[in-house]
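J.: Have a look at this one.
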Amino acid sequence: MQSAAFTLSPSLSLPLRNYSLNASRPSLPLRLFAKHAEGVNSNGASSTSFIRRSWTVSPSSSFKFRPLPPSPPRAAENAVPDSAPAENSLFKTLELGSLFGLWYLFNIYFNIYNKQVLKAFHYPVTVTVVQFAVGTVLVAIMWGLNLYKRPKISGAMLGAILPLAAVHTLGNLFTNMSLGKVAVSFTHTIKAMEPFFSVVLSAMFLGEFPTPWVVGSLVPIVGGVALASVTEASFNWAGFWSAMASNVTNQSRNVLSKKAMVKNEDSMDNITLFSIITVMSFFLLAPVAVFMEGVKFTPAYLQSAGVNVKQLYVRSLLAALCFHAYQQVSYMILQRVSPVTHSVGNCVKRVVVIVSSVIFFQTPVSPVNAFGTAIALAGVFLYSRVKRIKSKPKTA
């Protein structure tokens, strides 16, 4: 029976840090020493067996260290296609571009149909209620068919959402009042003042004071709106102040949403919050509409007023559907991009709506009026860019 043990002799000295695989350097030779002992096997005969082998390195041998050949690449690593990330990125880009296109398209059609309805039916409170009613039906279908997760709503949650629903209701009502009095392009030019009221209300109620860059961006907004208002052919004080009131209420909604966040066990996304606000707005405004304007949306009244009933109903339905569609798509975009990108997209949307409404309704626009509108919209774009610039903290 033979056994062997291989060990490195203590006399071996390998300076690893200076070791190189260069073949020009002298190699370290190897000498083998074997110790053997005699023993007696089972038949009584003498036999020699190796009980220990020692490896030592001496300068007289010619053994060379050679690096191991590189292992071949694994097949699994080569199986991943390089084009997969690029295709995924391209798909996301196309998807986001489609959402932006739908956002603009729904907004354009909403403003066109809504303006046509308000020109034929001069009851903005009733028109607003009809839009909230259609939205409530859509929300009920969405929750009833489990197309979207139905939230668990408590009394505390409703109490927290109620102020948001109230200002949301007023904001849409004032917008419809303005659209019924002045041109669509002028209403949206005035609504470009939203950043101004956002800065003022945030400083008053949240203690968030603007940076000098933000204040500077407000100058062209205010100046452009003032210039467009002076030269507007369809200028009307009721339409002007209604649009201004819409700016105040819409930005108050944003301030309230920051000041009173809804805290619950299940996280509430923007689409769910918008759905709840829509239902609450309908129940808030419906009795007000009956009290202020009466029941005016019946076929009998519309026929007596000389209004094309079928055309008015179809346009009202389309306006309401487009209204809720562009709101839903807006929140879907916000879930995919940063708030700054969404703000820039909103600025571009306003430009698209103004231009499309001027073309569709053949609104007369003077060069000075167009220049004022352009300045205001450029200020909104500048505001969306400089808003992310934070002031440096003061050092003691």
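Just so it is clear, glycine is given a Cβ too, placed from its N, Cα and C backbone atoms.
Among the features that TrEMBL reports, region 'Disordered' is placed at 62-81. Per TrEMBL, the feature domain 'Sugar phosphate transporter' maps to 95-384. Annotation comment: TrEMBL describes 96-113, 125-145, 157-175, 196-215, 221-249, 270-292, 368-386 as transmembrane segment.
Thinking about packing and proximity, how do these listed features fit into the structure?
T.: Sequence-distant contacts of the transmembrane segment (96-113) (same chain, six or more residues past either end, CB-CB distance under 8 Å): 179, 184, 188, 315-316, 318-319, 322-323, 325-326, 329-330, 332-333, 336-337, 345, 348-349, 352-353, 356-357, 360-361.
Under 8 Å from some Cβ of the transmembrane segment (157-175) lie the Cβ atoms of residues 124-125, 128, 131-132, 187, 191, 242-243, 245-246, 249-250, 252-253, 256-257, 260, 262, 264, 273, 276-277, 280-281, 284-285, all in the same chain and six or more residues away from its ends.
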J.: Which range wins on Cβ pairs under 8 Å with the transmembrane segment (221-249): 125-145, 196-215, 270-292, 368-386?
T.: 368-386
J.: Can you tell me which of 125-145, 270-292, 368-386 gets the most C-beta pairs within less than 8 Å of the transmembrane segment (196-215)?
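T.: Of the candidates 125-145, 270-292, 368-386, 368-386 scores highest.
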